[in-house]
Amino acid sequence: MNEVVIPKKATKHQFPYEELVLKEDGESHPIWVNYDGLIILETFRESSRQASDFLIAIAEPMSRPLQIHEFQITAYSLYAAVSVGLTTSDIIETLDRFSKNFLPRSVRVFITECTLSYGKVKLVMKESSFFLETANESVYKMLSSDAVIRSHTIGKSKEGGGLSIEVEEVELVKKRCIEIDYPLIEEYDFRNDKVLRSLQIDLKPTTIIRSYQEICLNKMFGNGRARSGIIVLPCGSGKTIVGITAISTIKKNCLVLCTSAVSVEQWKQQTLQFTNMAPDGVGRFTSDHKEWPKDDSGIVITTYTMLAYTGKRSHEAQKIMDLIRRTEWGLLVLDEVHVVPAMMFRRVLSLVSHHCKLGLTATLVREDDKIEDLNFLIGPKLYEADWQDLSAKGHIARVSCIEVWCGMTGDFYREYLSQPTRRRRLLSIMNPTKFQVCEYLINKHESRGDKIIVFSDSVYALKAYALKLGKPFIYGPTGQTERMRILKQFQTNPVINTIFLSKVGDTSIDLPEATCLIQISSHFGSRRQEAQRLGRILRAKRRNDPDFKVYFYSLVSKDTDEMFYSSKRQQFLIDQGYTFTILTDIPEVHENEHCVYKTKGQQRELLAGVLLASEKELESEESEDSEGIVYSTTKLKSLSGGDEMAYIERKAPQGRTLAKGSKKSRKWNPRP
């Protein structure tokens, strides 16, 4: 599939002789607006709070440190603004009111071009079929004459005035409409839907909706209709409750997609906890559970993998899958929606008939640049919260982010310099100093009463650390029953205060007891993974205690590739206003005579084990939402398949001469 064509952005080239002109009272205003739609917000100005709320609605937050926030107006952000009710004049007039300088003409023109076309074309589902509808005759003629759209339609709707689209081609049609500057409106008139049976579901009186969650839902619902789109909230701030509230508002059949079976269990548990939904009205579709709601109407919770699987299924699983395909869903909730652009998962959207989509995520970033595809796969971004603002109000925990540099021992570093890339990576993770620092931090925080999660992408290192330090661990092959048992023990048993997790713990695991996180290895420079892991401790129960902080440690071996990737990983969190403290050394670690791998003999034994590890053991665990991006450092001979080959230059034997007159003895003599 071709890459989506990103709509144009505002540029100065349209009006090359225009200058930025400061208003007379500009000093008191909170924002600067540049030619290209870049907006700088000064958070220390009196009206900065109102300006920030407005900018979140019309622009993409790029960076939000303490004093200065940076936003970018894009075509997609303007589509989202219009989708929640803002008009062209609303956007231009409000932007001008907050701006220190007069709005550049390039920005005015760009806003006008992007917003006037929005809303003229709707995507509607009727009886499990999709239709493009418009009340504008000229727009209808333009759509029906477009070669790409025409090739994916199957005629007019029965009522006329609309084009019928093949279900499998909806994604391509939505993409094409964005390219021609006619983004589709996807709204569901659920109050007037008499075809789908209404669910008996309401929030319990004890369920409390926070102010920012209410803002999210107001962006999604308006005039009795539900808009398709994406809501971005920090980890631990209650994305699941937002989804559950949306379900209880629409009150129609709902399909919830998660990234793991553990997440499925948590969605079901919280649905029953926060609503009055009957237990037999919530079904699970996982490898262990094949359930369907009573009376054929209710909520089904499953994983992306279960729906995307193309192999042969068991009879029971195939039966549930057929029911999912045949059912007309009022709402499709996509948890951790950033995984959807992966080719394996995006086909899920065409498998099920649905009126409305709600995407939930904390990190709207990917390393493969496919995040833009969500604008036509799901819909516009409806709301994105400010992490630091929620932290200041006590909705998520205050965090101390610390990067600890761990010096490599001589033997380990000598091998590190000479080994192939994958084994070098394991050597930097198994660094004895990192082992000792990890042990020290665990002991320190356990003595303070903290609950600790240690993350490792390397399964070899995960097992080695956990077994050496005597802690339970969870990774891919760990059975569902064993996973739930370990997590339950971690939450309730005062003796089990530390657990080790592989990539399977990156997302959708709710552990409000955790107050400290230690990262010993990671997925190269993935910004998303860094933020997702931080989210495991943002929901700490004790977050409102006076002066309480949670701790996020990233252990990095000095003078290795880990230092380069660490700086890349931190960029998303820095853009959210977090700062990292760097510890170049912890003296207490060296003073402990009883720490692990203290002697040279123990370190050499550890090194021997790493060098003898098989190629299979060197692999990192693949997560279910892998982005398909692989980072590696290698040599040209590896790329060309010459790892097992060597170039040797042999000198010709000395003292031998060719016979006179031999053809091989002839020399070339250039003409003078």
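Any Cβ shown, glycine's included, is placed from N, Cα and C.
Look at Swiss-Prot and you will find 220-382 tagged as domain 'Helicase ATP-binding', backed by sequence analysis. For the domain 'Helicase ATP-binding' (220-382), the model's pLDDT averages out at 91.
The ATP binding site annotation in Swiss-Prot covers L233, P234, C235, G236, S237, G238, K239, T240 and rests on sequence analysis. The Cβ of S237 (ATP binding site) lies under 8 Å from the Cβ of Y212, A362, A385, L390, H395, I396, L538, R539, each of which sits 6+ residues away along the same chain. According to its DSSP assignment, S237 (ATP binding site) is coil.
The motif 'DEAH box' annotation in Swiss-Prot covers 335-338. For the motif 'DEAH box' (335-338), same-chain residues at least 6 beyond its ends with a Cβ under 8 Å from one of its own Cβ atoms are 230, 239-240, 243, 256-259, 263, 267, 359-361, 363-366, 371, 374, 378, 507-508, 528, 625.
Under the heading domain 'Helicase C-terminal', Swiss-Prot lists 436-594.
The region 'Disordered' annotation in Swiss-Prot covers 650-672.
For 661-672, the entry in Swiss-Prot reads compositional bias 'Basic residues'.
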Helix-strand-coil residue split for the motif 'DEAH box' (335-338), DSSP-based: 2 helix, 1 strand, 1 coil
Nonlocal residues around L233 (ATP binding site), in sequence order (Cβ under 8 Å, 6 or more apart): Y212, Q213, C216, K239, V242, L360, A362, Y383, A385
CB-centroid shell, 8 A cutoff, ATP site L233, P234, C235, G236, S237, G238, K239, T240, site residues removed: A362, I396, G535, L538, R539
Site with most surrounding Cβ atoms, counting all protein chains shown within 10 Å, from the binding-site residues P234, C235, G238, K239, T240: P234
